[in-house]
Each structure stands twice: as structure tokens, then as C-alpha cells.
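Undergrad: The structure's right below; bear with me while I get my questions together.
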Amino acid sequence: MSRVSDRVAEKVALISGAARGMGASHAQVLAAHGANVVIADLLEDEGRALAEKINAEFNTGIGRDVALFVHLDVTDYESWTAAVGAAVERFGTLDVLVNNAGIFTRGSVEDADVDEWRRTIEIDLTGNFLGMKAAVPAMKAAGGSIINISSIAGLVGFKNRAAYAAAKWGVQGLTKTSAMDLGPYNIRVNSVHPGSVKTPMTAGLKRGFGQIPLGRDAETQEISDLILFLASDESSFMTGANLAIDGGETAGNNLRQDA
């Protein structure tokens, strides 16, 4: 299969949590539009299989692999520096970082488990910080785009999601602050806030769609199309933005018709 376009031609993108779900979709869409992709994850078998699939599909006429799998524990800074180093060694640079890895946890302040709280913050927020810290030295010379995946739980309150919401709000704050700090290097930093998306992580959730004006979950492709835009030069004057992609769920209070 040949490329769909050259919107991110020859850019090098590292995506955390990319072995499956939204991360895998992001990697495939970026590769389809010309990027070299680094699939970073703890899931070795799935990550390597995805890299092989992308290489088989998108190296036609190029004569080399366009995807690389690297083992990554997002809570470990040395793991991050090794992943960035592998990306630069293989492809020569790093242009795009997609901080996609995350976990979804439940619990109010009253009943949340303390260890689970710490684990959620460590993966969903500190993991983003460590990824950015590791990536910036590789991006400083030529600039780049950092895309932090948050959630609508980082835009509004979320009942019974204390740790998850705290982490996702933290991602928004980290994004805005880092956009100010890294702007002089022409490194753009934006956050993406999906609503409910059809992924393995959300497959078991039971919910209605009364609060979503568009009346459905998002497809992973729809989120990936936004990632593609932010990774490309089409968004060259966007930084510090928090972009909701939620079918209108955070647009307002969708009251019952008889209210």
C-alpha cells in the first residue's frame, strides 16, 4: 500500500501507548501520510506486530522501514531517554511526540485507593512530563510538535473519577505552561481532549448518549485525523491550545426535553 499523502512527509513521530487502541490508530494514520513512526509501548508482541504491519503497508517505493517498535515504560525517565535515542538513531531526528499512554480509573476522593491514585497520576500525568523532558533536547534545534492526549475529564468535572480527572486537568496545565516555555524553540505543545472513543480501554463501559449532541462514540480514526493535523505544518501557529473532540459533550448542559 502506498502513502495517502505527504502531509507529514519524513517527519519522525514517537507515540507512547501505540501498540493498540488510539495509539495504534495514530501510528497508522501518521505513517499513511508520510511519517516515520516509533511505536512505544510495554506490549512487546502487539507493538512489534504493528510495526511489521506498517512496514509492510507503507514502505513501497521507499526501500526501507518506516516504523520502529521500542519498549517504553512511561513512568521511567531512563526508558524515555532510551526510546528517544532509538528514534534519533534510526531516523536521524524527532519531530513529533504524541503522549498517548494512559489508564482509566474510578473512585471518588472518599473511596479511591491511594496506591491507585498514585499510579494514575504517575502514568497519566507524570508520564507526559517525562516524555516531554526526554524529547525536548532532540527537538530544540529544528522545532517540533508535542501532542498531549488528555480527555474531556480534563475540561469539566467527572463524577467518581478523582485521580483520572486530576491527572487529565494536570495535562492541560502542563501543556499550556510548556507551550510558553518551549515556544522560543519553535516547539508547539497542544492537548487533545477526546470524549468517549471506541477502544479496547472503553469497550466494557456502559453509557447512554443523551449528553452527546452527535449521539455516538468517536471512531479512533476521527481522533487520529486531529493528531495528524497537529503533527503537520498545517497547525504551525497553534500552541497552548486544548482541543475538545467529543461530539459536543462539553458544549453545555443537554437537558431533558421535558425539563
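The chain as shown is numbered from 1 upward.
For all residues, glycine too, the Cβ spot is worked out from N, Cα and C.
For reference, Swiss-Prot lists these features for the protein:
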| type | residues | note |
| --- | --- | --- |
| BINDING | R20, M22, D41, D73, V74, N100, Y164, K168, V197, T199, T202 | NAD(+) binding site |
| ACT_SITE | Y164 | active site, proton acceptor |
Undergrad: Look up R20 (NAD(+) binding site) in the DSSP assignment and reduce it to helix, strand or coil.
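TA: Going by the DSSP assignment, R20 (NAD(+) binding site) belongs to neither helix nor strand, so it counts as coil.
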Undergrad: I need the most crowded of these binding-site residues: V74, V197. Count other C-beta atoms within 10 angstroms of each C-beta and give me the top one.
TA: V74
Undergrad: Among all protein chains shown, how many Cβ atoms are found within 10 Å of the Cβ of Y164 (NAD(+) binding site), not counting that one?
TA: 24
Undergrad: Using DSSP and collapsing to three states, where does V197 (NAD(+) binding site) fall: helix, strand or coil?
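TA: Its secondary structure by DSSP: strand.
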Undergrad: Identify, in sequence order, the residues in the chain of D41 (NAD(+) binding site) that are 6 or more apart from it along the sequence and have a CB within less than 8 Å of its CB; answer 'none' if there are none.
TA: S16, G17, A18, A19, R20, G23, G47, F69, H71, L72, A101
